[in-house]
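Taking it in order: structure first as structure tokens, then the write-up.
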Amino acid sequence: MLNKHFQETLHVTKAQSGLLQAAYFGAYFLVALPAGYFMDKRGYKAGILVGLCLYAVGALLFVPAASANSFALFLFALFVIACGLGCLETAANPYATVLGDAGGAERRLNLAQSFNGLGQFIGPMIGGTLFFSAMQNDGGGDQGAVKMTYVVIAVLVLAIALLFHRTRLPDIREQAPTAHAARRRGCGGSATLPAG
């Protein structure tokens, strides 16, 4: 919803709107492998912290983008936010599956994704009600409410990152050997039986 407001304020064309989509989804494509490599070396928790920090930085970049009415800066801010989200999803989804017993991995992942969907549904409604009512009262020309919104988002995300950093969670790294051993005990177990 806030991005739509920026698009209207900056008079974004159809071609530029395509660039917005490319920047957002291109970030997911570009960040997935580096994020996976980083988490292989530093662990899932570190990957989640990096994703949260990238998201906060991207949110703060919307402030100068709004002040300068700069489409290029807006595009870069959106790219940084999407890099943070890509890093978060690359880390959080597998982390949710390896925390706890293996039998409940699907339930944990589905629960986490249900909150993601709920937030995407409720977030725009809350944003429209709280933040744009003030702008309509001012004639819609003031960017102050939008800039303050992104500052508040950045502060909340950084607070979550700090809370996550202080929480004692297992430092789990890549589980490929364990997963490989489980596969050999499962469907491919017959291949490991001695012949004769």
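Note that Cβ sites are derived from N, Cα and C of the backbone, with glycine treated the same way.
According to TrEMBL, the feature domain 'Major facilitator superfamily (MFS) profile' maps to 1-196.
As annotated by TrEMBL, transmembrane segment applies to 20-39 (among others).
Beyond its flanks by at least six residues, the transmembrane segment (46-65) meets 2, 6, 35, 38-39, 73-74, 76-92, 95, 146-147, 150-151, 153-155, 157-158, 160-161, 164-165 of its own chain at Cβ-Cβ distances under 8 Å. The transmembrane segment annotation in TrEMBL covers 46-65 (among others).
The transmembrane segment annotation in TrEMBL covers 71-96 (among others).
TrEMBL lists 117-136 (among others) with the feature transmembrane segment.
Per TrEMBL, the feature transmembrane segment maps to 148-165 (among others). When Cβ-Cβ distances below 8 Å are used as the criterion, the transmembrane segment (148-165) is approached by residues 2, 45, 48-49, 52-53, 55-57, 59-60, 62-63, 66, 127, 131 of the same chain, each at least six residues removed from its ends.
According to TrEMBL, the feature region 'Disordered' maps to 176-196.
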